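Quick look at what Swiss-Prot lists:
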ACT_SITE  SER194  active site
ACT_SITE  HIS221  active site
ACT_SITE  ASP314  active site
COMPBIAS  150-180  compositional bias 'Low complexity'
DOMAIN    4-121  domain 'Response regulatory'
DOMAIN    179-370  domain 'CheB-type methylesterase'
MOD_RES   ASP55  4-aspartylphosphate
REGION    150-183  region 'Disordered'
Amino acid sequence: MAVKVLVVDDSGFFRRRVSEILSADPTIQVVGTATNGKEAIDQALALKPDVITMDYEMPMMDGITAVRHIMQRCPTPVLMFSSLTHEGARVTLDALDAGAVDYLPKNFEDISRNPDKVKQLLCEKVHTISRSNRRIGSYARTAPVAAPAPASTFTSQAQTRPAAPARAAAPTPAASQSPAPKRKPYKLVAIGTSTGGPVALQRVLTQLPANFPAPIVLIQHMPAAFTKAFAERLDKLCRISVKEAEDGDMLRPGLALLAPGGKQMMIDGRGTVKILPGDERLNYKPCVDITFGSAAKSYGDKVLSVVLTGMGADGREGARLLKQGGSTVWAQDEASCVIYGMPMAIVKANLADAVYSLDEIGKHLVEACV
């Protein structure tokens, strides 16, 4: 059965080109279009699409407000189009926080030329998020939706570090069957993720105390223009410190370093971060396998690694190296994943020492390390 898609954009050109690209795939059916957020809500309720592609800047109602309403009234996987700018990154992160599953850069030049790479990427994203966890609405903010704001309104983040997680609590998935972890003198916590990762990392890291005793490295598949904004966002929400990693940074307790987009991050035995150019032969920049592999070489059995929601199998080979060195590997459970791909690869390869729900992982990190 074809994946039913609703295309939402105030640009007639972009709406038409996205519809043409998707309709050229016989396994995808464009069932409707909308020009603003209000129309998107009405069409989502009427057409019940499998996936919605959504612009942000639109008249009547912006895309983020529309996503919040859709997640409350008819939870549907949403693919956001975003600009590759710092401000575009902040807006995209707001959309993911509201419940969108994934995003794509909005590039008029690329889409007008209609290169094969754009067509392939768009169709792959649509197919992937159509299979995402239909409980996705439970991972959006649970606060009541406010009256629609003008499209130009942007809610700024609070400037003070909160004493507790800033997100409203979402419904908690059933507890996993893995036992609580045993305490061990870990020298490093390494967390890798992809689709669904921005919200998942926020949920995990906001549970950690400011005096968390182990250094943390984060590998999130994300463009270069987005990682700095994402690190800044996490730093404002968490009690630990979070920053985008730079070459020469030193690991230290209570600090999480986020791998920069478009590059690779490695760690040496002295706790020094090495940032390397992204290898074009690798599918992911940053790549979880690269960072996990360097951690295995430098820290032996003293690494606690966690693989969260995401498509594909990045992290599996790095986790294999960590296991061979005696380190610990956790995977997020299927029920709480947006996309059960990367964690599934860990589980199927028999590399997982424990499988926990998203809401358990932060608590268990504290139990294992503090």
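Cβ from N, Cα, C; glycine included.
DSSP places the residues of the domain 'Response regulatory' (4-121) in helix, strand and coil in these numbers: 59 helix, 25 strand, 34 coil. In this structure the alpha carbons, written CA, of HIS221 (active site) and ASP314 (active site) are 10 Å apart.
With the fewest other Cβ atoms inside 10 Å of its Cβ, the least crowded of the recorded positions ASP55, SER194, HIS221, ASP314 in this structure is HIS221. With respect to their backbone Cα atoms, ASP314 (active site) and SER194 (active site) stand 9 Å from each other.
Note on the domain 'Response regulatory' (4-121): mean pLDDT across this stretch is 91. Residue pair SER194 (active site) / the residue listed as '4-aspartylphosphate' shows a Cα separation of 21 Å.
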